[in-house]
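> Right, I'll just put the structure down here and ask away after.
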Amino acid sequence: MKALIILGLVLLSVMVQAKVFERCELARTLKRLGMDGYRGISLANWMCLAKWESGYNTRATNYNPGDRSTDYGIFQINSRYWCNDGKTPGAVNACHLSCNALLQDNIADAVACAKRVVRDPQGIRAWVAWRNRCQNRDLRQYIQGCGV
């Protein structure tokens, strides 16, 4: 019985652990999902954005007490505008998905929503981390040696 409880706890901890992508693994995944050049945004820009928003962590979340919204996933997509977390007042849900979908190891939903974000007039400038850490910088380091 004790062994079953321990096994259950181990399995539970594995299920809730985040996938933190290796740099080149994420670069290849984003390229495969059509991010390189999407709306004129290079793969290196997406990689820099993901690095500074989440550290390549699929399960990253950050609560914003000012407007009571939360940023979700590898791109830190906000619940005020883009997804539904069931608790953000006045949420728009422009990506038409649950915020939990942005926390999955399979980042296809997160990529689709990020593509929706950049179709708005702000484009990639919607992300503060991109403006502060990536804009007008040499970003080759984010894809260097990845074969993409």
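Cβ atoms here come from the backbone N, Cα and C positions, even for glycine.
Feature list, courtesy of Swiss-Prot:
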SIGNAL    1-18  signal peptide
DOMAIN    19-148  domain 'C-type lysozyme'
DISULFID  CYS24-CYS146  disulfide bond
DISULFID  CYS48-CYS134  disulfide bond
ACT_SITE  GLU53  active site
ACT_SITE  ASP71  active site
DISULFID  CYS83-CYS99  disulfide bond
DISULFID  CYS95-CYS113  disulfide bond
> What is the Cβ neighbour count of CYS146 (disulfide bond) at a 10 Å cut-off, with all protein chains included?
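That number is 17.
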> When the Cα of CYS95 (disulfide bond) is compared with the Cα of each of the disulfide-bonded residues CYS24, CYS48, CYS134, which one is closest?
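Nearest listed residue in space: CYS48.
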> Can you check what DSSP calls ASP71 (active site), collapsed to helix, strand or coil?
strand
> For the domain 'C-type lysozyme' (19-148), would you mind checking the mean pLDDT of the predicted model?
97
> Are there residues of the same chain, six or more positions away from CYS113 (disulfide bond), whose CB falls under 8 angstroms from its CB, and which are they?
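Once residues fewer than 6 apart are set aside, CYS113 (disulfide bond) is near PHE75, ILE77, TRP82, CYS83, CYS95, LEU97, LEU102.
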> Can you tell me the CA-to-CA distance separating CYS146 (disulfide bond) and CYS48 (disulfide bond), as a whole number of Å?
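The Cα atom of CYS146 (disulfide bond) is 14 Å away from the Cα atom of CYS48 (disulfide bond).
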> What is the nearest of the recorded positions CYS48, GLU53, ASP71, CYS99, CYS134 to CYS24 (disulfide bond), using the Cα of each?
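Result: the closest of the recorded positions to CYS24 (disulfide bond) is CYS48.
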> If one measures from the C-alpha of CYS134 (disulfide bond) to the C-alpha of GLU53 (active site), what distance in angstrom results, rounded to a whole number?
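CYS134 (disulfide bond) to GLU53 (active site), Cα-Cα distance: 11 Å.
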